[in-house]
Amino acid sequence: MEVSGRLGWMDGWMDGWMDGWMDGWMDGWMGGLGRSEGIRD
């Protein structure tokens, strides 16, 4: 129970961290790409 609980917590933490990181990375990448090509969302 303790191990599975810890793994579940780690999975949720990693999922949230990856989601936020990917969102921020994509936002920054797309924003930079849009600016470099003069594209507005």
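Yeah, the Cβs are placed from backbone N, Cα and C, and that goes for glycine too.
Annotated features, as they stand in Swiss-Prot:
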REPEAT    9-12  repeat '1'
REGION    9-32  region '7 X 4 AA tandem repeats of W-M-D-G'
REPEAT    13-16  repeat '2'
REPEAT    17-20  repeat '3'
REPEAT    21-24  repeat '4'
REPEAT    25-28  repeat '5'
REPEAT    29-32  repeat '6'
Give me the DSSP three-state residue breakdown of the repeat '5' (25-28), ordered helix, strand, coil. 4 helix, 0 strand, 0 coil
List the helix, strand and coil residue totals of the repeat '2' (13-16) as derived from DSSP. 4 helix, 0 strand, 0 coil
Take every residue in the repeat '6' (29-32), average their pLDDT values, and give the whole-number result. 86
